[in-house]
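Asks: One structure coming up, written as structure tokens, with questions to follow.
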Amino acid sequence: MAAILPDLATQVLVPAAAVVGIAFAVVQWVLVSKVKMTAERRGGEGSPGAAAGKDGGAASEYLIEEEEGLNEHNVVEKCSEIQHAISEGATSFLFTEYKYVGLFMGIFAVLIFLFLGSVEGFSTKSQPCHYSKDRMCKPALANAIFSTVAFVLGAVTSLVSGFLGMKIATYANARTTLEARKGVGKAFITAFRSGAVMGFLLAASGLVVLYIAINLFGIYYGDDWEGLFEAITGYGLGGSSMALFGRVGGGIYTKAADVGADLVGKVERNIPEDDPRNPAVIADNVGDNVGDIAGMGSDLFGSYAESSCAALVVASISSFGINHEFTPMLYPLLISSVGIIACLITTLFATDFFEIKAVDEIEPALKKQLIISTVVMTVGIVLVSWLGLPYSFTIFNFGAQKTVYNWQLFLCVAVGLWAGLIIGFVTEYYTSNAYSPVQDVADSCRTGAATNVIFGLALGYKSVIIPIFAIAFSIFLSFSLAAMYGVAVAALGMLSTIATGLAIDAYGPISDNAGGIAEMAGMSHRIRERTDALDAAGNTTAAIGKGFAIGSAALVSLALFGAFVSRAAISTVDVLTPKVFIGLIVGAMLPYWFSAMTMKSVGSAALKMVEEVRRQFNSIPGLMEGTTKPDYATCVKISTDASIKEMIPPGALVMLSPLIVGIFFGVETLSGLLAGALVSGVQIAISASNTGGAWDNAKKYIEAGASEHARTLGPKGSDCHKAAVIGDTIGDPLKDTSGPSLNILIKLMAVESLVFAPFFATHGGILFKWF
């Protein structure tokens, strides 16, 4: 029985959903841009009397605005000036980074072409299909060309996603600051709408580029769907390889500046965070945009591209691909299309249906976004599974075809979606200062930085337990129901609400920047309190976003691993064979090696930053008094130079490991390497992200002094607070450099192995051939 949804409807539905997503992003952008960055004069000369002459309402409104300093020309101009400096710094850094990354992209594209083309000696003759020997498929040379094109497409889309995200964030940060004068609700909506622009643009562009690539490649491939979707996996490789450099480079940049600014400014000089006298303050705010926004945008785009590619590869050798059933074949894209619509409905709840009036409503509003999007998406998955799939079909399962029903596939997607929600809430419990784990960490600062570090590390390790059980349950259920295809669509389920996830995630750095701009522009304490409240909620949501990214990375890399094992014609991965075991133990070591490199890079860059900030404080007369401006540009240059130089070795480690192992040791050892990296990488990534998030919020808990307990630990500048700041600075590279980059490591190695699988299967294992 065929799917209810006709092929033509699928052809229309997927691009239509993408267009709706882009249109919604543009609408949100227009609404954000209505916040003017120029000071407006009212009522003739702008005097209170002139305003009062219009009517009583205008007069009272004017007085409220006067109280919040809304008509202060210089405040608005200062905000605009700071915003411009941050935007300029972020743009110049990304252009510098993209030059180096572009060079790498060119070299790697040539490698893909040469390796895959050499599988059949660059032959242009058709060959028997890998999975169906009785059928003829397109030559290996075609696969090499199209895989290379897909790689470049994925890489460019990833870079553009990151760049657009950064531009949106730097456009919105000062606007959020200015709206904070009218109340916390207005500021929240501005920050959230800006996050939504990024979320919807990225989700829609990722979907539409993949859809166009499938249709264009299909013109050449015709009925050879096996070859078509094998070539499409290059799209996922391109997306993730760019994300790796974005995450590592951006992470080193932001944390070098952050650690330098905090250690000298807060601990040594006892000045507030984001104080304009601090020379590293602009670099710190630039870093939020290039690391947390541009890096994260590329990262989640990579996850989305890979999970789609993994599902499509397995589907192409199942009954969908063999019988050329177009609608069921595009089931992964239909899930993403419905996801955009579900997220659109969800976003309206935060921006239009409910208004935030108090500070303590911010975090619940963001949590509701996760719950609403999950519930709406569950209904969407029911519809897609009912309309887009036949009642029964077969799925490729390591050489055999397994019969699966459409309701089983619905369960696979749903289990991934709900596991994501569980991981999100567990992450929130361990990183939000509203709950006891972070409050315990804050309390441990009473006895100094050492006990703070001990408690923080313990919290991070403990926070791994429930997410791992959730991931394990998802894998067991989805694999039992629909083999590796089930795991791939479970990952897609977790990422189906990517637009909302990204909106919540991008909201954090935008709020952080808004607080920094308020401090630098010398705005009132009340406004800084509002931006701090937005930022504290954003910190927790950023940790939730990282939880989603890591959880989905585990499922995606397992699905890619399954596709690789099938493509490399490995019948079983036997851990007891020495070939596999050596790969396993080395693979488990790689995340530690990678983390060591990224942590050391942040440490060395921070060392230079601390020395420069100290030098300026000691040698520039009038800096502490605020009569002289610091030299911001030197600090920006230190961060830029360090991150560009230091992002190459960790990137090379991840990209070269599968190639070296595949070529010299063969596919069995490579399968061990992938399994080892997956198992150890997920654990370190979750614990690193949550430890860093908890330390950051423990510091904010003491600074805010919102409860009786918090007030006993404060105020800012106390020994207790200084201990918390030290914990926060240790956690910075953990949560924003090493932790988030590790999920890219496990996905990237798996997708790279899948793309190069034909070459490894034919020519790999040079060393073992000699013995």
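Cβ from N, Cα, C; glycine included.
It should be emphasised that the depicted structure is a prediction, and the values quoted were computed from it without experimental measurement.
What TrEMBL lists as transmembrane segment is 12-32, 100-119, 139-166, 187-214, 329-350, 370-393, 405-426, 453-477, 483-504, 548-570, 576-594, 744-768.
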Asks: Return yes if the transmembrane segment (483-504) and the transmembrane segment (405-426) have at least 3 CB pairs under 8 Å (sequence gap of 6 or more), otherwise no.
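Replies: Yes, the transmembrane segment (483-504) and the transmembrane segment (405-426) are in contact.
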Asks: With a Cβ cut-off under 8 Å, give me the same-chain residues at least six positions beyond the ends of the transmembrane segment (453-477) that come close to it.
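Replies: Those are 411-412, 415-416, 419, 422-423, 426-427, 430-431, 437-438, 440-441, 444, 486-487, 490, 547, 550-551, 554-555, 558, 682-683, 686-688, 690-692, 694-695, 698, 726-727, 730-731, 734, in sequence order.
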Asks: Before we move on, state whether the transmembrane segment (187-214) and the transmembrane segment (548-570) share at least 3 Cβ pairs under 8 Å, counting only pairs 6 or more apart in sequence.
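Replies: Answer no: the transmembrane segment (187-214) and the transmembrane segment (548-570) share fewer than 3 Cβ pairs below 8 Å.
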Asks: With contact taken as 3 or more Cβ pairs under 8 angstroms (pairs 6 or more apart in sequence), are the transmembrane segment (744-768) and the transmembrane segment (100-119) in contact?
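Replies: Yes, since the transmembrane segment (744-768) and the transmembrane segment (100-119) share at least 3 Cβ pairs closer than 8 Å, they count as touching.
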Asks: Quickly jot the same-chain residues contacting the transmembrane segment (329-350) by Cβ under 8 Å, restricted to those at least six beyond its ends, or write none.
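Replies: Sequence-distant neighbours of the transmembrane segment (329-350): 10, 13-14, 16-18, 20-21, 24, 28, 189, 192, 196, 199-200, 203-204, 206-207, 210-211, 214, 225, 304, 307-308, 311-312, 315-316, 320-321, 365-366, 368-369, 372-373, 376-377, 379-381, 383-385, 388-389, 409, 413, 488-489, 492-493, 495-500, 503.
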